[in-house]
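Database features, via TrEMBL:
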- 64-128: disulfide bond (DISULFID)
- 77-138: disulfide bond (DISULFID)
- 108-118: disulfide bond (DISULFID)
- 244-254: disulfide bond (DISULFID)
- 372-382: disulfide bond (DISULFID)
- 488-498: disulfide bond (DISULFID)
- 38-139: domain 'SRCR' (DOMAIN)
- 164-279: domain 'SRCR' (DOMAIN)
- 303-402: domain 'SRCR' (DOMAIN)
- 412-521: domain 'SRCR' (DOMAIN)
- 1-23: signal peptide (SIGNAL)
C-alpha cells in the first residue's frame, strides 16, 4: 500500500496569492514616510486592474486623477507586486469610490518605493469628487519573490485574496488524465509555496476554487490517503486562511481569513493541508485516452450559448414554449452568468457581457432584469421580469465561462504565417512510437475544419480555409502528412475529434505546398433571415416560359423546364428574403472582385454562385421542389439607425452586408422563387438556407436555416409558423 502511494504524484493547484500590500520592506523607507496600504477595487475588472484605493489612518479612500501619470501608476503597480503598469484611467472608469479622497495632484518621478513618497497636496487635502477617481491597469506578471507584508493585521479580514498564476500536475503519474480535478491547494508567498490549513476551510471555498478551474461542482475525496501522504510531506503553512461566500468568480474575490499562528510542526494540529476535489462537466470528463471519441455538444434543454468564438463563450438563449429567445442585459451580473455557466457544465463566469457584445439574437426576448442568488441549478429558477418592454436585441446578454485546462492548444500549431492568426496547420501526432509534427491533407479542407482549428488554438473564428500553403514556408521537418480525410461538423473542440482516416492515411497530392492552412479572426459576421418577411410575402405566380429564359440559363427552374415550350407557363412560389448581419464584422464574398462570374443574360456579376438554397419538402423531409439564389448583388438595402451603408452594387461596386444592416431580395426579381409547377396539392415545409456551402465563415451557422409550414391547394399557397433554426 505504501509502495503504491509512492507512485502517486500529487498535484498542487498552485496559486500565487497576495493581499493589498505596502512596500516590501519598511526599513528601506526614509523616516517619517507615511505607512499606507493599497488595493484595486471596482466592478467589471480583472484582478490586475481597478480603482486605486489607499488605506491610511484606519480608513480606505481613493486617489484623484489630477496630475496622475504613468510614473505614479508604475510605482503603484510595483507596490502591489506587479512588474509595471500598462496604463491608467481618469474619470472613475471603474466606478465611483466612497469615503475620503486621500491623495490629489500626485507627482511621482518613478524612483519612489511607495506612493506615499510621491509629492502631493498631502493626505486628505483635495478639491476632487469621486467622479475623478483614478484607476490603473497593471502588467499581469508578478515581481519574483514578492513578499506580502501587512502592517494592519486588525483589518486583514477586509482584504481580498488575489491570484496571479496557476500550475497543476496529475495525481496519478502513470495515467494521463485530463483535466486534473483533485489535489493539494498551495499559495505562493515570499517566493515559497505554502499549504493552507483546512481547520476553517469550507465547502464554499471549494466551490470557488472548482469554479475558477472550469468545474461546475465539488465532491468529496479519500481523506485517509491524503492524511497519510500529508504525514510524509514537509509542510510549510501559509499564515492566513481564506473566506469565500461561494459566489466569487475566482479566489481573488474572496476575503482573507483569520491569521494562522505558525508553530512549526505544531501548526494546524487539528487539521491537514487543504485538498480540493472537483466534478468536471460532461464534455470535460477525464479520459484515459489522449483523444476524445465524440465531439462536444451542449445537451441542455433550456439554456444554450450562441455566437461565441471559444468553448464556454456565447450569447445566452433560453427555450420557452418551443421557441429560443434571448436575455435582456438589464441587471445582468456575474451571479446570473455563473448560474448559466455551471448549468452548461462549465465553471464560474469570467465575464458577464452586456450590449450584444457576442452578437445579436433573433426572435423574442424571454427574460429581463434577471436576479440570481448564484446557487440556482438553472437560469430559469432565477427571478426575472417577464415583461421585456423596452429591451431590444442590442441589449442581449452574454457570458464567458471558466473552462478546464485541457492542453488542446499544445497539440496543434500554425506555421509560416505573417502573424499568429494565420499559417499552415501542423498537428502533433504519434509516429513510430514517438511524437512528431506533421501537416494535414487539404483534400476536402473547408471552413468547418478551419473553424475547429481556430477554436482549438483560442484564436477566435475562422476567416479562411486554404488548400494550398506554398506561400507559407513552414518547418520542413513537418512537411509529411500525419492526418487526412478530415471532416468536421464545426462543433468539435479539437481537430482530433473530427472524422479522419486515422492511421490509414490517404492524400494523393501530399503535404508540403498542398498542406491545409487557415486564417483566424477575433470577429465574424452572422447572417440571419427575417422569417416574418418570408411568411408575409409568399404568393403564387404563373409566368410564361418565354420570359424565363435567363432564369432557366441560371438553373432557377425545375428540370422539367428543359422540355417546356416557350408558350407554356411555370408556376412560381415567390417570396421576399430580408437577410440581416447580426454579427461583429461585415459579411464579404470570399471571391475577390476580379474572380466574380459575369452572367451575360442578366447582365450582372455573381460574387457567390450559391448564396441561398430554397427547398420545398414533404412532411417527412423529402425534397419535392428546389431553387437557388446566386448573390448577384450583396448590398446594404437598409441599416439600423446610426449605422452607415458601406456596400452598394451600382457601377460594379464592392459587395457585402455591413454589421447592423440587411440585404433585401424582393419577391419580384428573377430566381427569388421555387418552381412548383410539378408539385401536387398538399401540406409541405418551405426551407431556406443562407450560405449553404459555408463559403464565408460566420459566428453561428445554426441560425442560417429557416423553416415554414405550407399548404398548397392547387390554386393558392399559405405559409405559417415560420421560425429560424431547429425547434423542439
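Cβ coordinates are placed from backbone N, Cα and C, and glycine is handled just like the others.
Nobody curates TrEMBL annotations by hand; they come from automatic prediction.
Positions of TrEMBL features highlighted on the structure.
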residue	record	Cβ contacts under 8 Å, 6 or more apart
64	disulfide bond	101, 103, 104, 105, 106, 126, 128, 132, 133, 134
77	disulfide bond	83, 84, 85, 136, 138, 139
118	disulfide bond	72, 75, 106, 107, 108, 109, 112
244	disulfide bond	202, 204, 205, 207, 208, 251, 253, 254, 255
372	disulfide bond	335, 336, 339, 379, 382, 383
488	disulfide bond	448, 449, 451, 452, 495, 498, 499
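Packing around residue 498 (disulfide bond) is summarised by its Cβ count: 20 other Cβ atoms lie within 10 angstroms of its Cβ, all protein chains included. Taking H, G and I as helix, E and B as strand and the rest as coil, DSSP gives the domain 'SRCR' (412-521) the counts 19 helix, 40 strand, 51 coil. For the domain 'SRCR' (164-279), the number of residues in each DSSP class (helix H, G, I; strand E, B; coil) is 26 helix, 37 strand, 53 coil. Mean pLDDT for the domain 'SRCR' (38-139) in the predicted structure: 88. Listed disulfide-bonded residues: 108, 128, 138, 254; maximum Cβ neighbour count within 10 Å falls on 138. Around the Cβ of residue 382 (disulfide bond), the number of neighbouring Cβ atoms within 10 Å comes to 17. Taking H, G and I as helix, E and B as strand and the rest as coil, DSSP gives the domain 'SRCR' (303-402) the counts 16 helix, 39 strand, 45 coil. Helix, strand and coil residue tallies for the domain 'SRCR' (38-139), in that order: 16 helix, 35 strand, 51 coil [DSSP].
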